[in-house]
Amino acid sequence: MTKTVFVLNGPNLNLLGKREPGIYGVATLDDIEASCKREAGQLELQIDFRQSNHEGDLVSWIQEAGEKNAYVLINPAAYSHTSVAIHDAIRSARVTVVEVHLSNIHAREAFRHHSHVSAVAKGVICGFGAEGYLLGLRALAAIAKEEEKNGQSIKGA
């Protein structure tokens, strides 16, 4: 069975490739989407790739993923550090989440060191640039195989 992964991207990620390339790299969000689609095909995953600058959209998409029994690979961007709403959406949707960040949030400003999402994520990948998305997809594919082997759904963190 092919598992769906919602690849959710938070605020300002639509500016990738232009915004602080020394921190976030030169890959655009379109580049990342294309590489995710290629990787997903090899991993027998289906992806639904989305971006919004609005917190409520991310909350609604997390809830939708839960309703569809999909996984979530999320780069919440700045909402990592501020959004209890996204934390609560993940917890209430009981969805399997991998959090990804292009930069190493722990090597940056102190206010970026804490993520509300990490507490409810299955795992966190940060500091590997656009490659982090592919690592996240591989992790979710491994979880899907384990679930299929055991005939179960691994929900939440």
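Just so you know, glycine gets a Cβ as well, placed from its N, Cα and C.
Keep in mind it's a predicted model, so treat the numbers as computed, not measured.
Feature list (source: Swiss-Prot):
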type	residues	note
ACT_SITE	Tyr24	active site, proton acceptor
ACT_SITE	His101	active site, proton donor
BINDING	Asn75, His81, Asp88, Leu102, Ser103, Arg112	substrate binding site
SITE	Arg19	site 'Transition state stabilizer'
Distance from Arg19 (site 'Transition state stabilizer') back to Ser103 (substrate binding site), taken between C-alpha atoms, in Å: 13
Students should find that the Cα atoms of Asp88 (substrate binding site) and the residue listed as 'active site, proton donor' sit apart, in Å rounded to an integer, by 20
I'd like to know which of the recorded positions Arg19, Asn75, His81 sit within 10 A of His101 (active site, proton donor) at the Cα level. Asn75
Sorry to bug you, but what's the C-alpha spacing from Arg19 (site 'Transition state stabilizer') to Leu102 (substrate binding site), rounded to the closest Å? 12
Could you measure between Arg19 (site 'Transition state stabilizer') and Asn75 (substrate binding site) for me? Cα positions, answer in whole angstrom. 16
So if I draw a 10 Å sphere around the Cβ of the residue listed as 'active site, proton donor', how many other Cβ atoms end up inside it? 25
Among all the protein chains here, how many other CB atoms are within 10 A of the CB of Ser103 (substrate binding site)? 18
